[in-house]
Amino acid sequence: MESIFHEKQEGSLCAQHCLNNLLQGEYFSPVELSSIAHQLDEEERMRMAEGGVTSEDYRTFLQQPSGNMDDSGFFSIQVISNALKVWGLELILFNSPEYQRLRIDPINERSFICNYKEHWFTVRKLGKQWFNLNSLLTGPELISDTYLALFLAQLQQEGYSIFVVKGDLPDCEADQLLQMIRVQQMHRPKLIGEELAQLKEQRVQKTDLERVLEANDGSGMLDEDEEDLQRALALSRQEIDMEDEEADLRRAIQLSMQGTSRIVSQDIPQTSGTHLTSEELRKRREAYFEKVKETL
């Protein structure tokens with residue numbers, strides 16, 4: 001497949017890519033095709049002038065843009081046809097009654113040029129196999145003999161005009177090499193737009209990941225870290241409560257060691273360190289150890 005010449009889409013230069021992929025080399029440039037277009041425009045102007053340079057039709061013609069090219073790089077079928085005449089090649093409309101009456105099996109042809117709106121591309125036989133050399137693809141697409149007729153019929157259904165290329169194509173390395181070997185294609189080439197969209201999506205995902213990682217290294221935190229923080233704060237609050245409880249328990253133990261039977265006179269005001277009975281002390285101690293177990 002590496003020996004196959006395949007120009008990929010640049011701007012709107014699909015006519016140039018179509019011709020060069022057909023001829024298997026850099027045969028035409030935008031400058032050369034523009035020259036052919038200007039020549040066609042001049043021939044049309046001279047024909048219109050035959051009706052009189054002062055006529056309304058002639059003045060209207062001069063005001064109209066070229067029908068053979070535009071600033072985007074589009075070129076008409078007339079430009080493509082004239083460019084191929086340089087190489088002794090002719091275009092015949094595939095679905096014309098004249099051609100259909102010949103009942104030629106497509107696999108017995110050598111190449112086709114397909115057009116829809118302003119896009120042109122080549123389908124060509126190299127060696128013993130057919131290839132879709134559409135410049136919108138990332139590479140040549142192998143087409144089996146059995147699928148070729150169906151592929152062309154599908155293009156016609158989609159509104160494509162198909163032209164059969166008649167004449168002897170220039171020799172090329174790919175044709176010579178593929179006469180001796182057959183290629184296999186495991187994966188169909190993608191449309192250039194699909195590949196760019198996939199690469200863009202991968203870049204966006206990578207950027208999002210880097211942004212999250214940067215935020216995590218700085219002041220931001222991932223959701224898991226936030227959950228860990230909440231758990232840590234809850235535990236710290238429990239520990240503070242336990243420390244308060246433990247302080248109360250220590251005070252109670254101190255007081256109990258001074259004697260639980262000591263009677264406090266009712267006329268003496270009691271402090272916040274309330275005296276506990278041995279039973280109350282036991283319950284407080286059990287509650288304390290239960291809380292300790294829960295945190296382990």
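Placement of Cβ uses the backbone N, Cα and C atoms for every residue, glycine included.
Please treat TrEMBL annotations as automatic predictions, because they have not gone through curation.
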Feature coiled coil in TrEMBL, mapped to one of the ranges 76-105, 106-135, 226-255:
226-255
Least Cβ-crowded entry, counting other Cβ within 10 Å, from the active-site residues listed as CYS14, HIS119, ASN134:
HIS119
I need the CA-to-CA distance for HIS119 (active site) versus ASN134 (active site), whole Å please.
9
C-alpha spacing of ASN134 (active site) relative to CYS14 (active site), in angstrom:
9
